[in-house]
Ligand code: NAD
């Protein structure tokens, strides 16, 4: 009897005997098809045989030249590959060599996406082993350009597209996805992709990129990750006029039509994948981002990285920075430029942490935090006209228009830029901060680099080497007055992969703010003295999987403590457990 290898969706191809198909329900269809006449409807039934040519084209199992002699014999690969057998390490070396030859970042991105579609494990091995070099390739800033050109650079669709056309059928659409046990969904509606605005359906690059980081940095299995783009139209005129645009060609649906589609999506997700699937909202426009988070946080396991992830990573940096500037968080005064998703999210988490530490009510601790938006300092006289998420920050103060005047009036110890507008921390602003702070803490979070509030060099030079500086976009080390300063990057990728892993390993059913605080504290303790000595308030990225395991353990511990964990009994050593759950990209041996 002939043996064939049948795909089972798991890690190993399984050997089956001919005629006994590995899938339930298929056998009858085959016999039905055999006896069908031309005018009968038949089921297009197929069994994928992952031997030979098909195995080489299956990204989950393909190893390319990595198949050893035995595997080449057993899986009908003889002659389909050149004779050389490469180790995974040698394949990695070759690919890194090829990648580095590309001068254009987008070409590197395309080469990486190509690899992901060809050989998944090798893609993740490359990403994990070269994380600092490849993170900017598969995610920001390159992913932004990739989204802008999404329609023209992709021949094969990635992720799941849910548009208004699928209204009433979203559950069926979810069932079309080949993987059944999904643990993390990253979803966008493409309305505010990075700093690039409305890219409509082309926003798909964001969930795809974010989920590859979930796997590489947080160890979530690739098959458990589902990228989703919700297409309700776009207000981007250029895309609407582009004959090659891949999305719905009309203005964005809003109001009830939008809310109903999102509601159907959220219900279908829960119905199909259960209570424990994590839905991460990504790059939604301001108004929808806050609304969706507050609407679903009590009924679903939801997380918004732009609001909560940013808040957690910045709070971690602030907690770590206390080692350099002294005092407790409650001893500090915070001033933000920019009161959107990032700014108000960070402000709220700082207030919550201070409230936990001092037992003071949240309304009190918020008073240590001030925000400036495009109309000036947020003060009580503006309260009526403010958007709801800005209202808690409208403190008693006379109106102040300019940032410099706000700095002089409030005298903050910490200045945080989150407006998306570059060059706003001028020489005068940094000098003012340095005039009343021995070590002013300055975070220029706006992206991309051109939008940074100031450069690392400007912060160190204008403060005469006294500023503690971190930024949203990376900056090279700066030499000032004979000393080398290394600016830290408040990268969300420090937090969300470990945070998600913590939710998954504990079987969390809801996200609670205390879990975000736990993640911040876990990250802050990873900063070593040698990092502080260079002026860093974040640990080096090279250890990110270890960092993620520690964050996951603390998040999971908090989940159990809050009674929100469903995976019982609680593992004793959560760090070890987190590490043991992490996906490894090393090739498996095929029998
Ligand atoms: P957002 O659109 O939600 O908020 C921007 C806010 O800035 C709004 O309140 C707006 O009124 C205000 N603003 C605009 N122009 C201004 C001006 N000239 N002066 C003062 N305020 C002004 O955007 P967001 O999601 O909060 O992101 C803001 C910036 O933060 C972006 O550049 C983003 O890339 C960056 N960011 C960085 C990180 C990180 O470092 N980890 C994370 C998230 C966001």
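Quick reminder: no glycine exception, Cβ is built from N, Cα and C everywhere.
Proximity of residue 139 (active site, proton donor) to non-local residues of its own chain (separation of 6 or more, Cβ distance below 8 Å) is seen for 209, 210, 212, 213, 493, given in sequence order. If you look up TrEMBL, you'll see 139 marked as active site, proton donor.
Taken residue by residue with DSSP, residue 210 (active site, proton acceptor) is part of a helix. Under the heading active site, proton acceptor, TrEMBL lists 210.
For the recorded site, residue 192 ((S)-malate binding site), the DSSP three-state label reads coil. What TrEMBL lists as (S)-malate binding site is 192, 447, 491.
Residues or ranges marked as divalent metal cation binding site in TrEMBL: 282, 283, 306. The number of other CB atoms found within 10 A of the CB of residue 283 (divalent metal cation binding site), across every protein chain shown, is 25. DSSP assigns residue 283 (divalent metal cation binding site) to coil, not to a helix or a strand.
Feature annotation from TrEMBL assigns domain 'Malic enzyme N-terminal' to 116-297. Looking only at the domain 'Malic enzyme N-terminal' (116-297), the predicted model's pLDDT averages out at 95.
Among the features that TrEMBL reports, domain 'Malic enzyme NAD-binding' is placed at 307-560.
Comparing the binding-site residues 447, 491 on other C-beta atoms within 10 angstroms of each C-beta gives the minimum for 447. Residues 192, 447, 491 are listed as the (S)-malate binders, and the farthest two of them sit 18 Å apart at their Cα atoms. In this structure, the recorded positions under consideration are 192, 210, and the one with the smallest number of other Cβ atoms within 10 Å of its Cβ is 192. Remark: of the binding-site residues 282, 306, the most isolated position is 306 (fewest other Cβ atoms within 10 Å of its Cβ). Checked against ligand 1, the recorded positions 210, 306, 447 give 306, 447 as the ones with a Cβ under 6 Å from it, listed in sequence order.
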